[in-house]
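Database features (Swiss-Prot):
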BINDING   139, 470, 471, 472, 502, 533, 541, 542, 543  CoA binding site
BINDING   221-229, 360-365, 447, 462, 558  ATP binding site
BINDING   365, 473  substrate binding site
TRANSIT   1-46  transit peptide
């Protein structure tokens, strides 16, 4: 598929003078090419054009003395790296990958590591050598790893003790896999030891001059149906888009510290804990957090000079379960949330107990961030904010026509005739799947929504999750939001359920809070139904309620409504 590319307001991206707030390309080594009607660099590499730039700024004494990466493990160990130290260590990593590992430009490398400093080194090392990194979660089991290695034809995998045994169980079935690189203090048969090799590696490395549109990363999307798809991103769609986005939502300066709590396999991690802070010269804070612990997070926020917090809504909900009056956050001034629906109740409670707003960010693996509520924008409960300037985001109908404000439709990004910077390159080996997601001139986000007169987008629900009952279209998140306001509900998922008279009715799967487990279920069902009727339009109330111990989720924590829905309709004989 051929697409035209654009970078609006190119002059804002680079110039001739060093500034502590703006990264600048080395113009002499970049050859402008025409993408549509805009100029863009023919070559771009985040490691050399951003990290090495800030290392030079530090050397010139024009950046504050704060770290670029501040890591801790909760057991007293802390690591602080400046951009100069980060630059040198990532060059050593690049030498390990191209030297001892014998990997070549374009080879694909699975990186399955927890939140340890080596993850950041490995991604930068891959960038420097022109390798394609593929992040994966340490929650994967052998079957997950096997699928990813086989589908991607990965030449190498980088992993720790957490998954090494799982890798060894499937490696013989992966004919393309040649290198297993272990990040551990221990040794393991058949594996190279990264830490040992790093100590001996040179700090001198010539960064590969990667093409802007050259493949940089592959993310396996956590779809709720079918095998994961391989979403491919270029050096341009990751790095240059980060520069275009960062200042317009985080507002970070070189003296700021941002903490993004995310699994290393998620797109949010590379955006909020790698690309976007570093293009602005800010510090990234990382806590190992092998298991999420609300008290640990609150203590860190109270004790460390963290200015900006980014996390999924569930993180804020879990923090709110603690007594926040015992904590003070003297440095925290900005909170952002993305990845799932932010309940108005969560936003209101957080504001009441901390005095801070939670601002939504919205996007997907394929697009990166497309909407946000920036620090200078007003917060509207239930709204995702407005589109970034370089994305034309609209609500469209089933024919691909743009709908006026206030009309419900599919949230989509215009990709024709200009395929915008930041959009992924496509699904690897699956151009049909890429094309199937385009309606008219627009890329479908897979979400239903409404755009208001001010340009704010209101999320209604996933396109395939919408419930149509007696002619009423009901978004599951609206019902879930209502249920979550009741103290009996710890977690919930709402789907459609077959009904002989209405076609479909709303059904809620509910995980009860511990203190309500002994309550009469029939009575509790009635209480919850009446509660929903009291806080939202009565036609939305769940006519069916099923109490469960847990909900099916993907490895990245998303509730699999599709799995619940398939089981529900199959049981009825109407699947």
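A Cβ is built for glycine as well, from the same backbone N, Cα and C atoms used for every other residue.
On the structure: features taken from Swiss-Prot.
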residue : record                 : DSSP class
139     : CoA binding site       : coil
221     : ATP binding site       : coil
227     : ATP binding site       : coil
363     : ATP binding site       : strand
447     : ATP binding site       : strand
473     : substrate binding site : strand
502     : CoA binding site       : coil
541     : CoA binding site       : coil
Other CB atoms within 10 A, centred on residue 543 (CoA binding site): 14
Euclidean distance between Cα atoms of residue 473 (substrate binding site) and residue 221 (ATP binding site), Å: 28
Those binding-site residues listed as 473, 502, and which of them has the most Cβ atoms within 10 Å of its own Cβ: 502
Cβ contacts of residue 363 (ATP binding site) (under 8 Å, same chain, 6 or more positions away): 267, 338, 369, 370, 371
Same chain, 6+ residues apart, C-beta under 8 Å of the C-beta of residue 360 (ATP binding site), given in sequence order: 336, 337, 338, 342, 371, 372, 373, 383, 384, 385
Cβ-Cβ distance under 8 Å to residue 447 (ATP binding site), same chain, at least six residues away: 410, 411, 459, 460, 461, 462, 463
Integer Cα-Cα distance in angstrom, residue 227 (ATP binding site) to residue 365 (substrate binding site): 15
Rounded inter-Cα distance in Å - residue 541 (CoA binding site), residue 473 (substrate binding site): 13
Shortest C-alpha distance to residue 365 (substrate binding site) - which of the binding-site residues 139, 502, 543: 139
Surrounding CB atoms that lie within 10 Å of the CB of residue 541 (CoA binding site), all protein chains: 23
